[in-house]
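Got a structure for you, written out below as structure tokens; questions coming shortly.
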Amino acid sequence: MGDYVQSVELGVSQQKGVNVTQPKVWLKNEFVRVGLAESLCTYVMMVFGLGSVAQVVTGEGAFGQYLSINLGFALGVAMGVHVGGKVSGAHMNAAVSFTMCTYGRLAWKMLPVYVFAQLLGSFLAAGTIYAVYYEAIHDYCGGNLTVTGVKATAGIFATYPAPYLSLLAGFFDQVCGTAMLLLCLMALSDQRNKPAAAGSEPLAVGLLVLLIGISLGSNSGYAINPTRDIAPRVFTAIAGWGADVFRSGNGWWWVPLVAPPIGGVLGAGIYKVFVEMHHQPVSGQGGQLVEELQEENTPLEKQKYISSGNVCV
């Protein structure tokens, strides 16, 4: 609240012509600023998402159902975009970052920064939810932390396949889900098509995640995000669930790590080939072409801000 009042006073003083001191910029290094913002927005998204799962599982249906988890992750994504959208682009997903690099919308040298920040945010979020629901988890499972079975709790933190799902089918499931995610994200940020209205991007991306959850989520929990899955999985291995988190599901752990980047590049590529590459030039007065702003197509080091269109879970 103090910062808000200070900013209001600053604006009033400027309107009155009074000289004021500009707020001090603490961090000027682009790598650090982007990394901190990406870590925080990923943390916010994951706390709300994992928290919704923990509440449904430990409450045994009394505090929500599958739709609650879909809403938790969707709204968590929306809040994450608000937190870091104008600084890092709020990717919150290594598949998104990898796809942006593949199509020249993000400098490759920034990829390690994004991936590390997303891993850190996801790991810390898993630790936070474990601490918040520690007693609830142990009361639910009787202190026996298991990956499979009636009282399994590892699924609170990472995704696992349904009993009927093969690795091949699960791989396709993750490719397809992530492809739909990136295809629609490309559409939402395409200024020459029907993009999300200015200011509504967080809500639009959140609704997209909700849509994927309620349509493509039952097979394996729609990870569609390598960093969202592997960091909490490592946390559970350390926290007491052990190596079973990597053995379960016929060694499922590598599928949400490998398939989403492939799906992301595929989905974004499909949108470009079917739609973006065929946009007709827009003529302005005098027959001259009107140049559109497409910040997301500019490497990070040349941007003042990252485009809010390059966002995801």
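Cβ atoms are placed via backbone N, Cα and C, with glycine included.
Note: TrEMBL annotation is automatic and uncurated.
Under the heading transmembrane segment, TrEMBL lists 34-57, 63-83, 113-133, 164-188, 200-218, 251-271.
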So if I exclude everything within five residues of the ends of the transmembrane segment (34-57), which remaining residues of that chain have a CB under 8 angstroms from its CBs? That is, six or more out.
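Same-chain residues near the transmembrane segment (34-57) but 6 or more away: 27, 63-66, 68-69, 71-73, 75-77, 79-81, 83-85, 87-88, 90-92, 110, 113-114, 116-118, 120-122, 124-126, 128-129, 132-133, 136-137, 140, 153, 155-157, 227-228, 232, 300, 306, 313.
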Below 8 Å between Cβ atoms, which of the listed ranges 63-83, 113-133, 200-218, 251-271 makes the most pairs with the transmembrane segment (164-188)?
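Comparing 63-83, 113-133, 200-218, 251-271: 251-271 has the most Cβ pairs near the transmembrane segment (164-188).
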By a Cβ-Cβ criterion of under 8 Å, what residues six or more beyond either terminus of the transmembrane segment (113-133) are in contact with it?
31, 34-36, 38-43, 45-47, 50-51, 54-55, 58, 88, 91-94, 97, 106, 156-157, 227-228, 230-232, 234-236, 239
Should anything in the same chain at least six residues away from the transmembrane segment (200-218) have a Cβ under 8 Å from its Cβ atoms, list it; otherwise answer none.
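That would be 66-67, 69-71, 73-75, 77-79, 81-82, 85, 162, 173, 176-177, 180-181, 184-185, 188-189, 224, 308-309, 311-313.
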